[in-house]
Structures are given as C-alpha cells and as structure tokens.
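Read the structure below first, then the notes.
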C-alpha cells in the first residue's frame, strides 16, 4: 500500500494502479486502496473504472468524504445532478477548511445551472473557511455583475480579491468591466492600465482599453491603443490572423489587411473569409473588388441543389452586394440584391432600410413601406426614422417629418443631424422660433456646423431679429466656407442690410459677392441700387453699365441707370435718363416701372402733358399700380388741377395705405385750403409710419401757420430727429424758436441751417431778422448783405438792409438801399 501511495504522489499512475490492484486482491475490503486506485484511474482519464472504484470505496466506508468529493468531480460535467449529491454528502460529512473544495465545486455547478443564490452561498462558505481563495471572490462578483445587477457589490468583491492578491490580472479586468457597466470609464481605464502593467504583451487588454477610451470620446488615445496592438509581436496575436487583419483595417492599413485576408483565404477558402475580405475592400474603397469577393462567397455557399440556404449568412452576402451597387450608383441592381436578402431572411431590418433608400432615390413611393417594415423589426433604427423624415419633408408633409425627427432624437439625443434637420423642417413649417431652438442646439453640439448658422440667420431674419441674423452671418464669414455658401452668405447679408436701410454695408457685401461671381448681372444690379441709395450716382451708373455689358437686354438696368442720371439734376443727365427709360420701354412696352420713371422725367423737364400721358398708360397697363396714380397726382398738382390730383391720390389710397400717400393727400388738401383735412391726413400718416419725417414737417407747418408755435416746435424737432439733414425743417424751427424767444436754440438752428444750405438767401434773411430783434445790428447787416449777394434783386431785402443801416447811423447807405428797393419794385410793377 505504501509502495502504491509513493508512486501516486509522484504521478507514476500506472505503477501505482498495479500496486493498489495487488492490495485489493489480497484484501478486497480495503477501502483506502479502492479510493487511491479510483483517483489514479481518474488521473489517467479512465473515468468509468474510477467511478467504479470510488463507489466500491463508499460501499466499504460510507463516511469517506474524499470518495464523495472525487466522484463528484468526475461526474460534474456528465451528471451534474449526481455530482451535486456527492458534493453535498461530502460537506455533510466534513465541512471544515480541509473540504472547502467541495463547496467550491458545488458553487460552480449551481452557477452553471443559474441557481445564483445557492452558488453565492457556497462561495461564501468557501470564503468563511479560507479568505485567500480568489476564485470565490471573483465568482460571487461576476454573478452580482452579470446576473443580479448589483454592480457596486460586485466592485467591492473584486476590490477584496485585489487586496488578497494585488497581482491578480483577472480581478482588475473584472473590476474594470464593472466600472464600465456603471459608466465610470475613468476608473475602468485605470484598472485596465494596471492589468496591462502586469501583462504588457496581452493584445486583448489594449483592445479593451481602446474601446473604453473611445466611449470617453478620447479618439486619439483610442486609436493609439489599436495602433499599439497592430505593432505588437505577440505570439497569440500572430496566431489570430483574422483579428490582425481587422486591426490593420482599423488603423487604415488597408493593403496590409487585404494581404492578411488573402493569406487566410489561401488556407481557408470559405464563404465567411471572402465576406470579411469584401468588407475590408469596401473600407479601402475598392468597391469592384469587394463585389467580386461577395459574389465568390455566394457561389461557395450554394448547395448541391444550386439553391441558396435561407440563412442570415446568405442574406448578409446579398445585402453587402447591394451596398456595393449603391456605391456604384447602380440602383436597380442594388434593389434586386436587397430584395434577395429580404427573401432569404425576412427579418433583416437593414436590408429593408437600404431597399427603402434605393426606392426613394428611384422616386418610388413604396420606399415608405420599407422604412416602416424596418422600424417594425427594429424600433430603435435611427437611420430609418431620419430617412422617413427626409421622405415626408420632400413631400411637404413637415409635421410628419418633424415627428420622425422626434423619434430619432429619443434614440440618439445628441444627434447633430437630427436637430439640424428638425430645425430646417420647422423653418419650412414657418415656426421660426422653435426652428431657432433646434438650430441653436445643433450649434451647441457642433460649433462649426456651417449650415446650422446659415439657417439660423435666415430664421432670425424671418422673425425680424436682424441683430442676431447679422451676428450669425458674421460668424459664418469667419469660418472656412466653400465658394457657393460664401456667395449665398454675402448676398443674404447684403439683402438684410438693404432691409435695414444700411445701403453702404449692403454695397460692400454685394461688391465682395461680385468678386466671387463676376458674371452675375443681379449682383451688379444690386450694387447699382445701393450706390443710388447712398447718393453716389456716378458709381451707380458704372454698376448699371456693367450689368448692361453682361446683358444688353436687361430692362431693370436701364431703369436703374436712368434713375441715377435723374438724380444728378442737370439737363443733359435728364436727357440721358430719358433715353434709358425709352430703351427700357422699347425692350418691354408693358414695363410699368419704366413708364412711371419716364413720367417723372418728363415732369422734371416741364413736359407735364406728356408726363400725364405716361402715368395714364401705366394705369391702363396696371390699374392696381398705386405709384402710377401718385405720379399722375403730382403732375396734376403742378398743372393746377388740384381736384384731379385729389382724385388720383384717393385712388392710390384705395389700393394701399402708406404714410407717403397720406402725406401727399394732406399737401393737396392744404393747397385746397382744407387745413383740418390736411392735418388729419398728416396725423394718419404718422399713425401708419411713426418714422415718416415729412408728415411731421408738414403738420408742423400747419401748426406754425395757425400760430401754435409750441406744437410746431415739437413736430419740427421730431422731423429733424428722423431726418437731421432737412434744411427746411431746421430753418422753420429756427424761426419758431425766434418767435418763442428761445434765442439760444434759434441761433443754434440758424448755424445748422447755414452749414446744411450755405447758399440759401432765406436762411441769412431770417437770421438777420433775429439779430435785428436782438438789436445786434452789425450782425444783422452782415447776414442781410450775404442774402443780397445770393439773391440781389429782392426789394424787400434792400428795404430791410436800409432799416438796419439807419439804425447803425449809415444814412447815405440806407438811402441808397431805399432807392434800390423802390427801383426794383417799379420794374416789377411795370412788368
């Protein structure tokens, strides 16, 4: 017996079995010999003989806990139920530290049978007997982590295992997985780093660290991990050529990845290998080669009956073939491939989705059915919701499209694309404020999203928040834009400046736009209009000339150039303007705008009847053109036909109510002596447009005429606030201040009037009156002399200067002025 035990302890099991057999022959009732021989048989994998000997040992000694334990170990995989019984009897006989392995093995069987609470009890019993058993800590921790969702308890157990054995790599990996589950990625990466420190040559650890870093959005570090794996010379890594190929593909070493896959296929020409090769070739943009690889895979998969099996593997091959055809824009073949994939595997959501895209690009309404089927199979398919939103948006069904974007955002709440598209849909739906909210969220997620800034600027423009719109356009111009978007931004901002009346800045934007699009006539037309608005008429003419070089038949350019010539006010320019208006009418006799401009041109030349005719023709062409009625009214007023002017203005006001038309009717009423009606029109004009300066000025004149000087002063002040360069308003306010004895304010107004209109005799005459009233005769004499130098044939001013000189004691000069005044008056009377 001792001889057999000696060889058993030294693992010489054949000799040991011979010795134990000899003992059993001599003493068939020897339980110890049966036990040892059974264990020796088990070591030599003669499990049937081992079980027989252990059963005999138990028959001879029913309290032999070791026999129960070893028989349980042998039966653990083939008969777990009997193994559990044996382990249970073993611990019943001996539940001390000596037999903790029975608890451990029984716990493993319970875990395999998903009896988690019983497994945990056994592993805890192991730890109660021996606190140094790392396997028990890890087993309980994994059950807590993977099956009971008790993540923090699992972390504590893995921590306890690490305290027992700080060099246990598995404990660090398990704790990293637990940290990852509770989204504590920082600690997860820290534990993986410790594991790598202990085993620096394990490629799987680097891959796991790369995964965690990618989830932390540290893409550069994640990529570095995968590159480290690619450069490793680990034997286990070399023995996994498929993984090596995938890692090379991730690192964008596509040629190396393809070479690896070709080497694999040379040894294993199987369908999955060709599929993997095709995927790598697709990533390398070798679509034609990928298509061939997938076709080879399908041929290998075809059974002897020349039919494809209805498996996901076969469906995926045709799905990938469809993707290749999509890449080649061969939509019909792609459609057929996806249809085959669906036939082979009817529960393939991505195949339905891609077929829906094909149908949408082919203009088939059935695409929506494929998207619906995709979502029925996979309710969390983000792309299907987005594509369905695109489809409904293209059909003008914006509310439905928005609902699909809402569902997409439930799946991916941080999707820039979903927020951006929902914002544009809301803009199309004319809900501008909520569109701005979505576009702002898009910008928060992606600060360089050019289209989000562009669309938000347009939305701000729609809600009249011009300041924010200009800010967004300004930000866009600081970003790197392609030529097309840059041109649109410049044009849109220029139009916004036009809307704000800031024609100088608008002109600069249009000029820059013209640099990028030198053959766009409309841009040069806009530049000409801006120059016209800022009173740079020569530059405006040059811009319109450029338009006409690009398009000699562009009617609006002739009209614009004619208007610019008109503004110069000189006779030759008016003649040139007339030629342009006539040219425009020659090109388009029905151009109402050109008719109206020609009418004003003839009016300026004093040809009132011809002007009246042009306005009348414009009215015949467009009976709803209020500008034509307004122009004819002004001609009638100049011709003394006050009532006709009144009728035309009323006709214009029936078409549209504007401050300018109401003010014009007020002027006509004033001419007709209906001052109360005129005042009512001016007040209505102010109500329609509180920023219309001329209405305030004319109302102030009526108050002045009625000697309501305080009210007149208020209205003149408001008119000047809106139009500071109105010299008539400045002079009238100066006279009003004089009458109200606001001497300081009157002097200031006269100074401003002189600066605005230095060649106006009336300004100097009225200031002379102010100085005369203040007995400042020398200043009065200087002003009246200046007035006479500008207007030398005015009897009243000579008489006034004579009075002033008389006050100064210049009798001879005063007499001469009186004589000159009488002489001028006699000449006027004789005429």
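Placement of Cβ uses the backbone N, Cα and C atoms for every residue, glycine included.
Worth saying up front: this structure is predicted, and the values here are computed from it rather than measured.
Annotation comment: TrEMBL describes 31-64, 169-202, 315-348, 382-415, 487-520, 521-554, 592-625, 693-726, 761-794 as repeat 'TPR'.
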Could you pull out which residues elsewhere in the chain have a CB under 8 Å from any CB of the repeat 'TPR' (487-520), counting only those six or more residues past its ends?
-> 454, 457-458, 461, 466, 469-470, 473, 476-477, 481, 526-527, 529-531, 533-534, 550
What else in the chain is close to the repeat 'TPR' (592-625), if you only count residues 6 or more beyond its ends and a Cβ gap under 8 Å?
-> 555-556, 558-559, 562-563, 566, 574, 577-578, 581-582, 584-585, 631-632, 634-636, 638-639, 655
Tally of DSSP helical, extended and coil residues in the repeat 'TPR' (761-794) = 27 helix, 0 strand, 7 coil
Helix-strand-coil residue split for the repeat 'TPR' (382-415), DSSP-based | 27 helix, 0 strand, 7 coil
